[in-house]
Each structure stands twice: as structure tokens, then as C-alpha cells.
């Protein structure tokens, strides 16, 4: 409210609101923003969970008074449904609950529900398809087909995008008595069910909304599919329709048969479910253990959750994606709540205090590494600890809610949480809706349903009080074999089909052995349906057509070969690239809270070999471009020099500042508005000569990140930074000095957690204490000459490493072989929250009834709310969380 209202999101590093059209476009991730005060609406019921009834009442009045839902803006149907429609319904649910109690909200007369109904009608035009699947985007003012809508040309949507509507739409119908919303959501679910792959009972990631053909034929429980499964089970719980449970159990049997490889959950091909589709997992699958708890299948939930926790202990946060041998695949972490959600449900099911320890670790890591002046910042790279100027609304809507509920006792709550079901955005819908306004006949629409003699088909949810009778060691006995699974793991093979071959026939050709000049290898490729295309630039492209293979077995060998080649080329690219570095502001009043993503240099000190990094005060050099002898050496000596990019080689700048006595250098991009949020990082190359004479560290900051340091200098003059390979723990930086700390909420302080943990000590049996895609680094060979534009190598355009003197690119173009695969370009995940780097662009949106102007606040204003805390913390003797 202080820094961002009425904007959709808070930008916690620059302490201002994110308004669509006023910031560089982030691609699909911006489709969640609709100039409707997204974070405020998304957080309404969280305030009541936290017992902030006065603040809730004030927030509801603001929503009713200020929020406009008739903006000429294109938004995601999926995100708007789960965050805004769900937020309004959740707010209405708790508002009428408070009104019935007689103390608060006595003036409330269903205003949030009226807004929800208005929004529901604005989403309905998206369902104008022959299949009943909604378009992925809709214009709030003009719908889909209107000439001014600027949408409606899309052909594909993700399974979760079309299959995560039933809870909100059915609740809206039940609350209002208007059946059309539930009818549309049911029709979409029915269509997805009918289009499942009948032999495997799996669904793909993306589907054509007009034909129903699967566009991406890989299947998992993470991004693109996740909440489809969640809503099938929860729709049965909320609405009582048996067909939803039948469908969920059919899918769940397939998941446990093909995708579950304990403790891993690996994507497979829907037509060939014994064949893994990739060798990495995305972070969104962390919700699945919580869903398994609701299902009552506790053992695999404990196993997967423990594996994920080991990854978190290694990196402080769960990377957006990680490999089967637990290496970082995408290094971002936008403060996703799915793991906290599963932790809460596992604690509810088991009562095991171990999960309180897990929750304590999550809160400690948030306070240590994500807390910044105006909130909590997403992690740009979990390896370096650098931040992104981003705090998604789901952080307050879900993360705060689940962490509070994890530690809250029943007497801490002003209502019974068991009377509600959580949506995928953790909004609260009352269970009494199941018997209210049943406008839809509960007929079983499930077809070709196969009865399985299996406990999967129990017709009731498990009673958590009898899951672990007199056996507090049950969960620990499952976790124990997995406690070292991350640290002691060995790289896994590309496919379990290969493992199943055992001592039998081996693949005819392995990617690592392939030579493009070997005639025998070319003959083997031809047999596997793989052909070579010689490109004009000297590279060789590999293309597979499964129908051209000699047999189906040869086609499978060809697919495995292509997957191996993609993995091999990706690994080789990463080996050739230096990882990003970190610039951490450690002086007053930042104290290590702000971490900026920096590009490395191919010369000078290797910060990965100097773990302590280089620490010093910064100074601006003269001339600012650093291309000639430094004229203010007395200001630069023993300091870290700041300079502007351009007009000479990076190495020349480094030599000049080193000669002036600088202990390090930071090059700031001269391209106004450039940011690591929207552009891929790159490494600064040398000048083609021997650079062994350069011994100081050099890092590169984009314009936006560089301005954060420059603004701090203007405000505080003396600014100290730490250049390192990754952000350092503040206890390490300050070694016992007095520095401020921040707690998420007074109810979540570690002191309170420790008290609750101690209350459970008698039950605790030696329990263990508890990156859209990370930015790869391309290369800039030299500095551009004055007046010329510079080019940054995009990671997606980097050619593969030379293999037997030929550079190879790979594609898979057969419709019967699922998925289009391209080396070095991981497939984008479906919203929420995943985006690829895009060109910076802005769009102008019509004015809404609220003043959306947001200016960057001066540093003094940004840090004003720290003053009282700083004075108090100066009395502290040690660093406490």
C-alpha cells in the first residue's frame, strides 16, 4: 500500500508499483497484470487468516471503491481466474463469515461477489470455441473477437490453463445461482478428459483449442498440467460429483505407473510412457506431495517432499528447474509457494515436528536472502543469490498463508480452516457450496472408465487422525534413506528404457561417440530415421522422422540418440560459459540485502576461485568510459571503479583502472533502461591479446542494476559493495557486527517457531534438521566502436560445441514423435510465472479510473521506513532472525 498501490504488483528493489505499459515487457508473465490491483485482491483472504480483520475491512473498501474491471487490456484467462476471480470469491467467503460472527463487516452486502460476477462475464467470451476450451487470453473490455480486442488468434493453450477453472466458476455459479459459469468450466474439463491418450491415460502439456490435437505430447505433474489434476480431485471434494474422482483416480494410476520414479517425478511421452521426455524437473511439481496427502497416498508424498527439501538445503531455494542429478537447470526462483504448501499438508497429515523444522528453514532463508528494503525480492539466480525486481502476488496470497497455518494453533485462528477448501492460489471456498444452488445435474459424464481393483479408488478422503496410529517414526523411516540423495547422487541416464536393457542389446550409436564424417555412423542414423542437413554456415543439422526409420525399435533408438545429443550439447555449452556473478551492496543501510546479477569477464581475477570475493567502496572514474588514463586516481585507489560501457575494449578499461590502483571494476551498460530482467547476460571477452596482466575482478551490470548503485551514491556518498561468485550470508559478511534483520510477520518469528518446536520435542525422534528460465551467459567479443550498436549473443542462438570438427544442430519434426526439441533452448513452461527473455517494449494502455502514475522514489523515501528499525538494531549484539 505504501509503495505500490494501486498498481498490480510491488517492485521491491526500486520500491514502486509495477504498472503494465510503464515497465519493459516481460512477455507472457505480464499477462497476469490487468490494472486491477492484482496483489491487493489476491491477498484479501490472507489478511483474515493472519487475523488482520481491520486491515481486511480497509482493503475490501479499497477494492470496491478503486478497482476497475473494464480496462482495455489483454490478460491471461488462467491467471485472472485463479488470482482475481478466486481472490474476489475468497474475499467474499471470509467477509460473509465475519459478518455472521457479528463483529466485523456488518456493512458488507456482497459487493465483492458482484465484482466477481462482472469479471466472470468478462471471461466468458474466451470460451467461444467449438471445443469449449477457452482462448488463453481475453481483452477485459472487448472480449476476443472484437476488432479492438488484440487477441483471439491463438490456437493453443496449456492443459492447466483450460482445466483449472471449475472451482472458481462453480463457486461463482453456486454463490449467485447463475449456472452458465459452472457449465462452461465443466465442458472444458469434459473435452480434456475425452482427448486423453487412451492407452496411457495421460494428457499432454498443450492442446489445440479448435481441433483438440495435442501440440506438446510430453506429460508430467509440473508446469502446464499441474493444477488440472489438482482441480479434478478438489472438484470432487467441493461439488461431490463422482465423475471427477473417477477421472482423477484414472490419471493418478497412470502418474504413479509412468511418471513417478521415486523420489523423482519425470515427464514422459503420452504415446510411449516408458520413455522419459526430459532429464530435468520444474519447481511447480512441488505441489504434488500436498495433493497426494489429500489423496491419502502418503509414502510417495514424503519421498518427493524430502528430495525437494534436500535440493532447497543445497541452494537455499528451489530452482525453477533442476536435473535428475540435482544440478541447476533454470536458476531463477520467483518465491514460489508450492513447496511450503506441501510442507503444510504433510504436517497436517503426520503431525511430525520435522515439518515445522522445514518451515522454519523456509522462513529463515526468506529473511536471509530474499528480504529487501520494501518487501521480498525474487531470486534472479539461486547460485549467486542475486535478486530480481519482482514480487508476484502469489507470494502474499499463498506463501504467507501456508507458512502461517503451518505454525498456527487452532486457538490462533478466528475461524475453522477445515470448513474451506484451498484453490490452486490458496483462496478459501466454503465446503457448504456443495449443497447450494446445484444448478448442474450430477450425471456421470466419464466415458471408457476402467475399474481398477486398487486403493486409488476409495470414495472418501483419508482421515488424517488414523494414518499413523501410534507410530510417530513412520514418516522418518521413509525420509531416512533419502537424506543424502542430493549430495551423493550420480548423474542419471537419459532414459529408464536404456536402464531396462541391462545386459541386453545396447543402443546402436551413442551421442558421445558420433562423428559426422564416419560413414558407418551415418548409415546407423539413416536406419534410425535421422538425417543430416548441411547448412551454409558449415554446421550440420540433425533431423529425425520416425516414419522413415527401419522399424519402431529403430525409431525409439533414434529418439534416444536425439535426446542424448541435446543433453550433450547443452552440457558442452554450459561448460564453455562462465556462470553469472553477484554484486552485493553491504554498506548502511543495505547491509547485504540487495544483490545484483552481474556478467563475468573472461579475464582478470576468477571470483569462483577466490571465495571471499573483493570488497570495497565504489568510486566513479574520470573519464567515465575508462578508455584513457584515469585523471582522478586518488579517488579510485583501493576502491572498486565504476565506469560506462562503450568506446573501447573491456580489457583496456580494466588495465586503466588497475594502473590507477583500483581493486576491482564494474562496467555499467550505456543502453538506457537495459536490465537483466529482460535481456540475457553475457561475459566480457578480452581484446584478443594476452590478458594475464589483468589481475583485478571485472563485472558487468545492465543499466537498471547499475543505476541502483549510482542512486545509492547520490544519496549516501560512501557505498560499499562485495564482488563475488555468489551472494554471501550476512553473518559471513559482517562477522558479528550489528546489522538489521526483518521478520515476515510477528506471528512467524523464529522465537515463536522455536516455542512451538519445543512443544513437540517429546514427539520428535531424532528428525533431521532441516529458476520462465535462468539466464545463460553469452559472449561479447569486444566493445562496440562509438556510434555503433553492440550485439549480445542470445543463448538460444549459440551453435553447439564442435563434435568431430562439425557443429551440429538438432530438431525433431515427426508428428508421431512427441515434442519439438531444440538443443540449448528448454521448452517454455506454461503460466504462472515462466517467461523467456524478450526485447524491451512498452505499450500504452488507456487510462483507468485510478491514477496509475508511478515515479521512481528517491533513495531517502525508499529507505525511510527503515529508520526506526535501524535505530533499534544498533542496540543488538548479534545477528538474529
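A Cβ is built for glycine as well, from the same backbone N, Cα and C atoms used for every other residue.
If you look up TrEMBL, you'll see 226, 338 marked as active site. Here TrEMBL flags 424 as Ca(2+) binding site. Annotated compositional bias 'Basic and acidic residues' per TrEMBL: 756-767, in sequence order. Taken from TrEMBL, the feature compositional bias 'Polar residues' applies to 768-778. If you look up TrEMBL, you'll see 782-794 marked as compositional bias 'Acidic residues'. What TrEMBL lists as domain 'PA' is 621-708. What TrEMBL records for 756-853 is region 'Disordered'.
Note on residue 338 (active site): other Cβ atoms within 10 Å of its Cβ, all shown chains, come to 24. Residue 338 (active site) sits 9 Å from the residue listed as 'Ca(2+) binding site', taking the CA atoms of both as reference points. A sphere of 10 angstroms centred on the C-beta of residue 226 (active site) encloses 27 other C-beta atoms. The distance from the Cα of the residue listed as 'Ca(2+) binding site' to the Cα of residue 226 (active site) comes to 10 Å. Residue environment of residue 424 (Ca(2+) binding site) contains 26 other Cβ atoms, counted within 10 Å of its Cβ in all protein chains. Secondary structure of the domain 'PA' (621-708) per DSSP, as helix, strand and coil residue counts: 20 helix, 17 strand, 51 coil. In the predicted model, residues of the domain 'PA' (621-708) average a pLDDT of 90.
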